[in-house]
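According to Swiss-Prot, the feature ATP binding site maps to GLY703, PRO704, SER705, SER706, SER707, GLY708, LYS709, THR710, an assignment based on sequence analysis. What Swiss-Prot lists as compositional bias 'Basic residues' is 65-78, 268-278, 984-993. What Swiss-Prot lists as compositional bias 'Basic and acidic residues' is 79-111. Positions annotated as compositional bias 'Polar residues' by Swiss-Prot: 125-136, 998-1008. Marked as compositional bias 'Low complexity' by Swiss-Prot: 666-676, 684-697. The feature region 'Disordered' is assigned by Swiss-Prot to 1-136, 144-163, 179-202, 249-319, 348-380, 611-634, 666-697, 900-923, 975-1008.
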Amino acid sequence: MTDVNCLTSEHIAPTTTTASPPGTPSKNAATDPVEPTSPFVLRAPPSAKSKLILQNMEEVLNSVKQKHREKHKRKREEKRRAALMEDQKSTTEEVKANAKEKPQPLREKSSQENGLKNGRRRSSPLKSSTPVADNQSIMKHFAKAGKPENVGVSPVSTAKPKPTTNVFEFMMNARNRSLGVNEGGAESPADQEIGSEAATPTTKRKLLLQEWNERKGGAKRRLADEARGEFIELQMEQRAKRLRKMLTKTDAKEVTAPSSAPTDPTVKRLRGRPRSRRISSMDAQNQIVESKPPVVKAKDQDPGTEELLSKLSSPTKKRDSLLGYFPKVESPKELAEKVIIAIETPPMETPKRRTLRRKSQQETPIVAESTPSSRPRRSCVGKARYDYDLETSPGKQQKAKPQKADESVEIIDLDNSNPAATPKKLAPLFVRQLPKPSPDPSVLKARQAFLQSGVPDKIRQEQIRQKNFDQMYEDSYEVFPRLAHIGCESFGSKNGPLDIPFALRAEEEYSEVTKALPANKRRAKASSITSCLPADFTSSKTLNKFNYATLPQLENKRGFVKLWKNDFDRFPTFKCYNQMREKYRHFSAIDSAQDTQQMGESLVVTRRTRRSMEQNMAQNEEEAKPPPSAPNGELLFTEKYKPLLFEQVLVNLTPVQELREFLSSWSGNGGSNRNSQGMDDTFDMSNDSASMGSSSNTMVLVGPSSSGKTNAVFTLANDMNFNVLEINAGMKRTGKKLIQELQEATQSHQIRKDGKAGGGSSQQLLQKLQKSGLKAKAAAVEPPSEVRKSLILIEDADILFDNLDAGFTDAIYTLAASSKRPVIVVATDPNCAHLQRLMQQNIIHFQAPNALNISRFLAVLSLMENCPIELDELISVYLYNQQNLRKTLMELQFYIQSGGDSTRDRTGGGIKSPTKTSNSRLATVDGSRIHQRFFEFFTSPQNVQYRIPFPVDFSLLRLNLPDLMASSAMLKEQQAAGGGSRTAAKRKSRSPKKAWLSSATGQKSDGHSSSLATLASFYDNISVASLMDSDCSDRLQWHLSEEIGHLLVEQALQTGLATKECPYNLFDKPVQRFSICQHLGNGVLRSDSAKSLDFEPALRSICRSEKERAGLERKSSRFYHYLRNHTVNVTSFTTDYFDTACSTFQSAAPSSEPTMEAEPKD
């Protein structure tokens, strides 16, 4: 029975402390309130039998609970009404009595005693039989069977008055009770009765669910879970004990120096853990740890309240139970047994304990381990205190001050070996950063192996294989190979003789013909690759070394412009001259200042230099002279003479005007300061731009290379105060990076920057020119505002790289949809597939500038650089460069800096330039000349003996082949049988720019067609070369085909014919030709399967059969045409295209075309 009493008292502790439960001996009931359990006594853990008895009692009580439930319900209903009248009378009396009492802290009492006045019940004693659900505690049923006699006046309640209810203690005690039960805090029994009556349906439903759960074996499952949990806790506690013993043993090995401070011999130091077990000693000799005096308590606190607060201060508690907060009521027999066990226990670990700092005895509260061993041990480190709301005596506060002082002095004595120093925390900027030691390669390898330990074997093997392959590739591959076995095979390196289908002259005859050439004909230069004949070495001795000289400064440039104005129809000659003169003056003055002061590459001009420069420019209107070291400046012509404002655009004005109208809706003032529009115009533009739709913020500029697309954007951005954010093909244009860099710019309307758009050194100089150069409008110019709106420019959007531009197209459409700033997309290919959606919305087409306007612009530019060039020469070079203005400007700058035409070159012979050397189209001032060798300078390189000086357009080759064959020096003269020789007739001029660029050679040529027949195979070969890479749409396509074509033609003519000077035709007649090969690639042209699967004969056959059927029927519209759905124009069903296809090849061979009734495949 001892074990049973022990277990039952443990569960009764939260609700009843002084009253004895039914079933316990009377001696326990008498001794429990008189002799309270000492908190310093170590209790033995419950035996295994007590756990089994506890499980059996829970099963029995669960069955008893169901039988008594109905009985208690009937009693509650009968006694509720009688108790209601008595409660109303007692309520008024209790209110008056409670007003006179002093507040006292809540202390731990029995469930019958909570809420009573002077230990007497306010309501009927029959009320005690009401069941109270207390977290499914098994002892709640014993409280219902108690007799009224047992509920008497307890000694504890009579000794002290009722304490004042503390809010926190009330909440902590109330959470142990179920909902609807407010036994401890209720003051009016009427409220309890009303609450119980209202909660009757809920209680019935809850009881019904509990019955169903018990029928299904819920109690057994709950007991099994609790047993399993207790077993796990027991195992964990045993493991913790073993680890604690191991730690204690390891700590005992460490030798610590004893403290020099005097210590009290009667007090032994505790273990290092703040939570140490203390037991009360019965004998001083067998004492393990001496008991310390209890904590000084407040006057209004009782032992139960103090013990409750000390246990609430524990930071770790059992999760599912609140029994750890209350002491376990034990019988005196158990206490005696535990005392004997504590006395007989030998001090096993006392000598090994490590002494730590000795603190005050009154600081650490004494906590008795009254919980069973299965409960987790609670740590007191950083515990919270719950007694702040209690009324404490002033004596305790006064004693706390010297305790802290003693403690501080004692800590200093113990730690005298390590003197305390005030730490100084410095900012990371002032802390010396020590270099990190290089990690050990073996450690890094071990870490890498640990991180890859979870990787599957298949992936690891693949990574190792890839790594080995990369290593092998790096070791074996050389960027620049040491030995190159691939070379260019010369034409004369073959062993066998060169097979030529026509007769050649002997070497003696060829040398005689070469010596017989006139003196004004062009010969090979000293640095050229010649045929190594004796005549070449003889003529090379007479060549003198030539040095290029600086061009002389022209004095009367305005006189040239006045003479040219009449010839330049509909071109602003004087406006162009004035703009270029201002730019030339400005940059020449800057270059002179830099050359004088020996300034660096930063192009910075000091204030003094700028002042003197402005004064000189204001006083002297003459042209500024550049320094001798850089007679034409240090900037490229493409940067030096590019337009800065909209009014400076002279060519290709229509697309620039359209782009300006698009940007004017985004600009604040509708344009620049000098070209600002009125408020009404700006308002109208904003309304128009708003009506463009959701995609009005994006514009696509499409045009060939060097047509002025990018230059127009930067010009208008500078004119309309925009800041350009450029993205070109040289950047890594992934979609993620593009969105991250431009998302902020697209969402913000303005960007504040002090710098100018374009931000380079040349751009800064151009801005200075913009402010100080144009004097006529200087008064109207206002300083530009610092607030610049952003503009996004995406260059080369039609060029995509698979590895570097992942997600670039999606990023463009995302920016176009979400951007609040204008987005301008520049493309060269109008048929780009991934930009078709943007091109269908807003697009501006740029065309190559007109040859006549560009030639006049370049003529004025060359005049400003003191090198006037013939207008026809500029047109020829511009057309030769496929209307590439950038390339023409670069070649023009190289030609001017090279000195223009040299005296020797003017007298020497060679392939004639397409100009008239006798008469020039441009008028000149007396004493100056016009340079006329610009075209020949780039079409006749020095390292080639003979070169065709016109673009190798193979449609023009048929026009010039007879003249080339007639001028051949190696072909023997032949005459056709019965035919005489005739001289070649001169061609008449049909060119809009100049007369036909041809002259009679005076040589005889045969009228026989054998000359063309000898080059038939050669014509086929160069036809294939002209079509190479026809399916590629990049900027190098034309140049590559041009070089290949030139190489084929020049080597063939030089090796097989050895042609000399001959006239040529640069402009072809406007003849309309149809060529299917222009739309096919190399693979199709050289593929036999493509030729055998040609579908055009089948289509022509279908068209002819449909035409014959329509002519034979009465109504031609009865049946639709077979190819009706495949017309060029979907909205029109005309058959004119099919009729045209029927007439193809009909006149040449009407019967040669077979009739085929094949149907086109889908």
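Glycine is treated like the rest: Cβ placed from N, Cα and C.
Sequence-distant neighbours of THR710 (ATP binding site) (same chain, six or more apart, CB under 8 Å from its CB) are LEU793, GLU795, VAL826, listed in sequence order. PRO704 (ATP binding site) has a Cβ environment of 16 other Cβ atoms inside 10 Å.
Look at the compositional bias 'Basic residues' (65-78): DSSP puts its residues at 14 helix, 0 strand, 0 coil. Applying an 8 A CB threshold to same-chain residues 6+ apart, the list for GLY708 (ATP binding site) reads VAL651, ASN652, PRO655, VAL656, PHE846, PRO849, LEU885. Within 10 Å of its Cβ, the residue among the binding-site residues SER705, SER706, SER707 with the fewest other Cβ atoms is SER705. Listed in sequence order, the residues THR828, PHE846, ALA848 complete the 8 Å Cβ shell around the ATP site centroid, once GLY703, PRO704, SER705, SER706, SER707, GLY708, LYS709, THR710 themselves are left out.
According to DSSP, GLY708 (ATP binding site) is assigned to coil rather than to any helix or strand. Long-range Cβ neighbours of GLY703 (ATP binding site) (same chain, at least 6 residues apart, Cβ-Cβ under 8 Å): PRO655, LYS709, THR828, HIS845, PHE846, GLN847, ALA848.
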